[in-house]
């Protein structure tokens with residue numbers, strides 16, 4: 001039986017886009033669109049002020065090159081593989097080359113959109129501080145996409161390595177070469193140059209030749225690592241579901257549990273008594289959750305940072321209210337997570353007590369966020 005890999009890729013791509021559209025609607029209805037518009041407006045207003053605040057001695061081209069290199073060198077590979085493919089598709093590995101080529105094109109296109117947004121965000125900083133124009137702007141827009149394509153291709157080859165430490169080492173080499181090229185281009189050839197000799201590029205060319213010789217050896221010596229591809233695919237899919245789960249229950253989401261001894265002690269501050277059993281369990285479950293607690297902590301940290309750097313009390317208050325609203329939306333997931341936990345049925349509490357415990361945990365977490373914001377404002381004053 002002949003396998004049509006083109007049809008297989010199109011089928012899985014359509015199914016993925018269908019999920020993205022479905023959960024994207026839920027996230028938009030949950031207030032994400034309004035929050036994004038507000039943040040864009042806030043950024044558009046204060047971005048010029050932040051640019052002017054950068055001192056003249058600060059190496060802007062190097063900093064921009066570092067930020068762009070982070071996005072360019074990071075090249076995760078979505079292949080839309082499933083667990084069953086390890087059994088049914090591995091025998092046809094020689095016929096899957098076209099499937100994986102399409103996956104690489106997809107990854108370049110999707111990651112290119114993110115790269116375009118990063119370049120668009122950093123463009124005013126580059127123009128104001130460096131005064132770039134003409135050919136330099138064409139290079140600013142073109143070189144990062146060429147490097148992105150190179151990173152997607154080379155990272156796909158290094159995915160064949162069985163040793164993860166070697167894969168990490170090659171990733172660092174890719175980042176070094178990407179950063180070196182971007183810094184040299186953005187600084188108009190002055191980066192790591194002495195008396196007109198671009199020593200940085202000379203070193204980079206030597207490393208590049210060595211790197212590509214190693215890639216050829218990897219291609220000849222190692223086969224495609226299906227388990228690693230599936231692991232990366234599951235990780236990317238899980239990340240998407242974790243974000244979507246903050247707005248809508250994802251029934252097939254596998255919850256990650258982390259120990260977090262440095263954080264779980266907070267639940268022990270609750271008085272030990274029967275009426276607090278639900279509060280203790282729900283709070284501990286939240287603090288150990290891989291997605292909910294992580295998202296909450298990130299929101300608190302990001303909002304505190306913005307409150308600290310923004311000038312004026314009104315912008316600080318607006319950011320505090322905005323992120324308070326975002327946290328309130330995100331914490332809605334505590335109730336649904338609690339309903340799916342069979343451990344609650346073992347406790348001597350009824351459904352009404354469970355609901356009141358969930359509400360109490362939400363209020364405590366929002367109160368903690370408010371206290372952190374007040375402390376940040378107090379430090380600013």
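Quick reminder: no glycine exception, Cβ is built from N, Cα and C everywhere.
Listed features, source TrEMBL:
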| type | residues | note |
| --- | --- | --- |
| TRANSMEM | 20-45 | transmembrane segment |
| TRANSMEM | 57-73 | transmembrane segment |
| TRANSMEM | 105-126 | transmembrane segment |
| TRANSMEM | 138-156 | transmembrane segment |
| TRANSMEM | 168-186 | transmembrane segment |
| TRANSMEM | 192-213 | transmembrane segment |
| TRANSMEM | 359-380 | transmembrane segment |
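The transmembrane segment (138-156) is in contact with the transmembrane segment (57-73), judged by 3+ CB-CB distances under 8 Å for residue pairs 6 or more apart in sequence. For the transmembrane segment (168-186), the residues of the chain that approach it from at least six positions outside its boundaries are 61-62, 64-66, 68-70, 72-73, 126, 130, 139-140, 143-144, 147, 151, 154-155, 158, 161, 192, 198, 200-201, 203-204, 207-208, 211, 214, judged by C-beta separation under 8 angstroms.
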